[in-house]
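A.B. asks: Submitted below is the structure of interest, expressed as structure tokens.
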Amino acid sequence: MHRNFRKWIFYVFLCFGVLYVKLGALSSVVALGANIICNKIPGLAPRQRAICQSRPDAIIVIGEGAQMGINECQYQFRFGRWNCSALGEKTVFGQELRVGSREAAFTYAITAAGVAHAVTAACSQGNLSNCGCDREKQGYYNQAEGWKWGGCSADVRYGIDFSRRFVDAREIKKNARRLMNLHNNEAGRKVLEDRMQLECKCHGVSGSCTTKTCWTTLPKFREVGHLLKEKYNAAVQVEVVRASRLRQPTFLRIKQLRSYQKPMETDLVYIEKSPNYCEEDAATGSVGTQGRLCNRTSPGADGCDTMCCGRGYNTHQYTKVWQCNCKFHWCCFVKCNTCSERTEVFTCK
């Protein structure tokens, strides 16, 4: 039985990396040897592996946050030629797209935000050691507005700092792509921080609101995804500035401008133009669009003309059958008719 438990824990870390482990079970995890477990997780950089070994409870929460980012990416781009489908197939950790494109910018931003969100939530729920509610938001009274800090405010700064230490640790090479990735990581975390919400509860006699107790909460991650998708649509192309004597990349500037104007901190930035994602190409992270569902009448990105890249589409017909017009008869049975509908779906050639 002990061997089966060891094997179960091992596959949780290695394959999924997305399940919470209650603090009471951590002794069993530590007993397995954090070094053994962390050395088996694919895609970790050396500094990330060190964090895993020192905080085996946190690596599972980090994995869940990274997976949440991948899921959100797939939702936001579900109607596009590139739909994030190749992300996370082997591991939720490590670099996924080799081209420094808009799509790479989005994946880095949404992953960094996902890790920060998951760590912050786990701290608030008591699922991580060494963190909890935001202590600085306890006991302060705002007399002018008639409210005070109370409850459990989400400590987003801890989550952001943990995301920064872990996610940014994979950027080892001193090149333009490193500057791009670090900027987009920070942009994703900044969007999350800016969307923190204030919730309040009234206190007073007979339902009056004499005073209010307030606390900060995390936004829904879908909201973060929508905002980052807007940032993706307005992403800024940048180029590297080599200001040191060693000619190493120092900072990024907006490419179209003659001045040394830096991008805004919440801008998503890219250094290479996106491929068209029509054909399968492992180097660009494209799985192609062959076999993808498309909308024959849509003029948008999900339309067959755009999705299929001019190759045309196949038409598939099938009959959908379901029970309908159900009525209750006394006593006591329900009688239904059988309805059917002929449906067509279209897939790219």
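The backbone N, Cα and C atoms fix where each Cβ goes, glycine too.
Not measured: the values here are computed from a predicted model.
Swiss-Prot lists these features:
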SIGNAL    1-24  signal peptide
DISULFID  CYS73-CYS84  disulfide bond
CARBOHYD  ASN83  N-linked glycosylation site
DISULFID  CYS123-CYS131  disulfide bond
CARBOHYD  ASN127  N-linked glycosylation site
DISULFID  CYS133-CYS152  disulfide bond
DISULFID  CYS200-CYS214  disulfide bond
DISULFID  CYS202-CYS209  disulfide bond
LIPID     SER206  O-palmitoleoyl serine
REGION    238-266  region 'Disordered linker'
DISULFID  CYS278-CYS309  disulfide bond
DISULFID  CYS294-CYS304  disulfide bond
CARBOHYD  ASN295  N-linked glycosylation site
DISULFID  CYS308-CYS348  disulfide bond
DISULFID  CYS324-CYS339  disulfide bond
DISULFID  CYS326-CYS336  disulfide bond
DISULFID  CYS331-CYS332  disulfide bond
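I'm curious about the neighbourhood of these features; can you describe it?
C.D. replies: In the three-state DSSP scheme, CYS84 (disulfide bond) is classed as coil.
In the shown protein chains, 19 other C-beta atoms lie within 10 A of the C-beta of ASN83 (N-linked glycosylation site).
Counting only same-chain residues at least 6 apart in sequence, those with a Cβ under 8 Å from the Cβ of CYS131 (disulfide bond) are VAL119, CYS123, ASP155, TYR158. In the three-state DSSP reading, CYS131 (disulfide bond) counts as coil.
With a 10 A radius on its CB, ASN127 (N-linked glycosylation site) counts 19 other CB atoms from all the protein chains.
Its Cβ placed at the centre, CYS152 (disulfide bond) has 17 other Cβ atoms within 10 Å. In the three-state DSSP assignment, the secondary structure recorded for CYS152 (disulfide bond) is coil.
DSSP assigns CYS200 (disulfide bond) to a strand segment in the three-state reduction. Counting only same-chain residues six or more apart in sequence, the Cβ atoms lying under 8 angstroms from the Cβ of CYS200 (disulfide bond) belong to TRP147, LYS212, THR213, CYS214, TRP215.
Counted within 10 Å of its Cβ, the other Cβ atoms near CYS202 (disulfide bond) come to 13, all protein chains included.
Secondary structure at SER206 (O-palmitoleoyl serine), taken from DSSP and collapsed to helix, strand or coil, is helix.
Sequence-distant neighbours of CYS278 (disulfide bond) (same chain, 6+ apart, CB under 8 A from its CB) are ARG81, SER286, GLY288, THR289, CYS309, ARG311.
Using a 10 Å Cβ-Cβ cutoff, CYS304 (disulfide bond) registers 23 neighbours.
DSSP gives ASN295 (N-linked glycosylation site) a strand state. The Cβ of ASN295 (N-linked glycosylation site) lies under 8 Å from the Cβ of ASP302, GLY303, CYS304, PHE346, each on the same chain and at least six residues away in sequence.
In the three-state DSSP reading, CYS348 (disulfide bond) counts as strand.
Counting only same-chain residues six or more apart in sequence, the Cβ atoms lying under 8 angstroms from the Cβ of CYS324 (disulfide bond) belong to CYS336, ASN337, THR338, CYS339.
Taking a C-beta cut-off of under 8 angstroms and a sequence separation of 6 or more, CYS326 (disulfide bond) has the following same-chain neighbours: VAL334, LYS335, CYS336, ASN337.
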A.B. asks: Between C-alpha atoms, which of these recorded positions comes nearest to CYS133 (disulfide bond): ASN127, CYS294, CYS308, CYS332?
C.D. replies: ASN127
A.B. asks: What whole-number Å value do you get for the CA-CA distance of CYS348 (disulfide bond) and CYS294 (disulfide bond)?
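C.D. replies: CYS348 (disulfide bond) to CYS294 (disulfide bond), Cα-Cα distance: 7 Å.
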A.B. asks: Just give me the nearest neighbour of CYS73 (disulfide bond) among the recorded positions ASN83, CYS202, CYS331, Cα to Cα.
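C.D. replies: With Cα distances computed to CYS73 (disulfide bond), the winner among ASN83, CYS202, CYS331 is ASN83.
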A.B. asks: Looking at the disulfide-bonded residues CYS73, CYS84, CYS123, CYS309, CYS339, which one has the fewest other Cβ atoms within 10 Å of its own Cβ?
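C.D. replies: Relative to the other disulfide-bonded residues in CYS73, CYS84, CYS123, CYS309, CYS339, CYS339 has the fewest Cβ atoms within 10 Å.
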A.B. asks: How far is it from CYS294 (disulfide bond) to CYS332 (disulfide bond), counting Cα to Cα, in Å?
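C.D. replies: Between the alpha carbons of CYS294 (disulfide bond) and CYS332 (disulfide bond) there are 45 Å.
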